[in-house]
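Enquirer: Input: one structure, supplied below.
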Amino acid sequence: MEKILHMAEGIDIGEMPSYDLMLPKPSKGQKRYLSTYDGQNPPKKQAGSKFHVRARFEPVHFVASSSKAERQEDPYGPQTKDVNGRTHFASMPRNFYQDYTQDSFSIQDGNSQYCNSSGFIFTKDQPVATNMYFDSGNPAPSSTSQQANCQPAPEPPPSQMYPESLVAEKQYFIEKLTATIWKNLSNPEMTSGSDKINYTYMLTRCIQACKTNPEYIYAPLKEIPPADIPKNKKLLTDGYACEVRCQNIYLTTGYAGSKNGSRDRATELAVKLLQKRIEVRVVRRKFKHIIGEDLVVCQIGMLSYEFPPALKPPEDLVVLGKDASGQPIFNSSAKHWTNFVITENANDAIGILNNSASFNKMSIEYKYEMMPNRTWRCRVFLQDHCLAEGYGTKKTSKHAAADEALKVLQKTQPTYPSVKSSQCHSGSSPKGSGKKKDIKDLVVYENSSNPVCTLNDTAQFNRMTVEYVYERMTGLRWKCKVILESEVIAEAVGVKKSVKYEAAGEAVKTLKKTQPTVINNLKKGTVEDVISRNEIQGRSAEEAYKQQIKEDNIGNQLLRKMGWTGGGLGKSGEGIREPISVKEQHKREGLGLDVERVNKIAKRDIEQIIRNYARSESHSDLTFSTELTNDERKQIHQIAQKYGLKSKSHGVGHDRYLVVGRKRRKEDLLDQLKQEGQVGHYELVMPQAN
């Protein structure tokens, strides 16, 4: 600053423009504007010399000096780094702003003659910027301290839950993850092959490349208060919210109508966020009615952040203390490995261990070591306790170690009592019917090869309830009981994932031995009497062709008067013999007509077919071919409902067809089947054993 003033000595540029707000001068004949000194003596103007020494340039405090010593002392130079070489991004904006405002106000107080004479506009605008900065949630100093004391803004107390060493470690991990994201984005295998990038696969692959796994926390939107849901997401009523975390660091939150959709939306936002300049901060977030500290990833340079409420309970993030190396010990580490509870919701041992660790909120880790004979040894650690080890290749050793670890954990599992969890599939029984129905009146309704579907259809057909009750046996084995109307039909023992299918199969076999079975053959083969598109369109053509020209027709009378007696037209009768058939014209058909619109079937033709079927006494169903479009099938559904018929579509895609039939009671269908043996595509099979 002294150098600039020294350079500007002796230079006079005349009067400088004023940056203060000035009122316009009143015109002649008008009264002057009222001022703050009305009724008082206005202050006298101080006499001053017109010519005096004035700085040629306005003093700008961020001009750097040229010497190395001054550059080192410059508080606005490069930011200092810690011992590990990583920048403390979290402290950079606040420290920089405090030094900046402090020097600015010191210039105002120390060099007031230059500020007042030249209208130092930068310092005049400074309080506005200060308010803008501290409106984002940081405590703002009072105006008195800005003008008089010039004290910097008070810093918040350091976090006791997350020490600086932990934040620096998480910052290093996020920088490593960001580099991995950019590396995968430049990989053509990740972006080519499809128009849309699979962000979930990319984020999972990048996080696993950093030797860890992502964490997804789901919550139904019904359980979240409406005030905590973003305004643009309030249209969702039955959706889900998904929070993505990694190493206890919050990344993003996604909202969608399903769990997979919310996860995909959250991972997409996370990948886009990791492509920017980001940092790890400790902020206060809300979880239901509790406010606690949390580690979050936010963009550098953004002063205000609006984070959605946390979906993970804050008690899962509590630091209980520090170990010998100074690292924090979290609540999950306080659990002993013997309290581990196995949840059998996977097929292999690795999946069971990972899912169980997530359920118990414990940490499981696999460590590899190459042996002298060029084989790999994999050891499984649960809560830093070695459970088992396996040998082989890097892949087979992990599976072998997981199998051995699972056997060790199964031995330590306590003997649980029968843990029951039921799934009830109830039929459409009438309300208020509390009478228990007899199993002897049950009719097995077989509409699928899956025994679970057969049992559910049977329960709905007979208006009964079916339940599947699980009982935990030893190890990974479970017992499943099938209960129909409070009566046990069958049971099976096996793995939880397949024991339900086995128990349902045994129940169907047991019921077929004593109860009649109605088999629906509609899905088992092609239907013979299928109504095609041409058959529907041919009805209009046949009716138009059958129309007879009457004697009082004007055209007929004109031809008779000209000598036509019948037969072909023309002198020798070589013309047409039959009248021109009526051609239907929809709306304004003509040049440029879409061919597909011409091939559409008429609604009155469909209604005529269904009306004739409803008035007849036929017991077979109407089956429309797969040539019909979605709109045409929609019309058939509406017309069938109009005449009190039931309609249902079967198949997928181009193989989808529609069946229209009568609403039958179970008793009427059984009576017809007993008399005729087969009604339409229904077939009756009597019990195999008495």
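Numbers here mean position along the shown chain, with the first residue as 1.
Each residue, glycine too, has its Cβ placed from N, Cα and C.
I grabbed these lines from Swiss-Prot:
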type     : residues : note
REGION   : 1-296    : region 'Active repression domain'
MOTIF    : 25-45    : motif 'Nuclear localization signal'
REGION   : 27-49    : region 'Disordered'
REGION   : 65-85    : region 'Disordered'
CROSSLNK : Lys68    : SUMO2 cross-link
REGION   : 133-160  : region 'Disordered'
COMPBIAS : 139-150  : compositional bias 'Polar residues'
DNA_BIND : 296-388  : DNA-binding region
REGION   : 414-436  : region 'Disordered'
COMPBIAS : 414-425  : compositional bias 'Polar residues'
CROSSLNK : Lys500   : SUMO2 cross-link
DOMAIN   : 551-596  : domain 'G-patch'
DOMAIN   : 600-664  : domain 'R3H'
MOD_RES  : Ser618   : phosphoserine
CROSSLNK : Lys666   : SUMO2 cross-link
CROSSLNK : Lys674   : SUMO2 cross-link
Enquirer: On a C-alpha basis, identify the one among Lys500, Ser618, Lys674 that is nearest to Lys666 (SUMO2 cross-link); the candidates are the recorded positions.
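Expert: Checking each of Lys500, Ser618, Lys674 against Lys666 (SUMO2 cross-link), the shortest Cα distance is to Lys674.
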Enquirer: So of Lys500, Lys666, Lys674, which of the recorded sites has the fewest other Cβ atoms within 10 Å around its own Cβ?
Expert: Lys674
Enquirer: How many neighbouring Cβ atoms, not counting its own, are there within 10 Å of the Cβ of the residue listed as 'phosphoserine'?
Expert: 13
Enquirer: Return the average pLDDT for the domain 'R3H' (600-664) as a whole number.
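Expert: That stretch averages a pLDDT of 84.
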Enquirer: Expressed to the nearest Å, what is the distance separating Lys674 (SUMO2 cross-link) and Lys500 (SUMO2 cross-link) at their Cα atoms?
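Expert: Lys674 (SUMO2 cross-link) and Lys500 (SUMO2 cross-link) have their Cα atoms 33 Å apart.
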Enquirer: Write down the Cα-Cα distance for the residue listed as 'phosphoserine' and Lys500 (SUMO2 cross-link), rounded and given in Å.
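Expert: Just about 40 Å between their Cα atoms.
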Enquirer: Is it possible to list how many residues within the domain 'R3H' (600-664) are helical, extended or coil according to DSSP?
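Expert: So the counts come to 29 helix, 13 strand, 23 coil.
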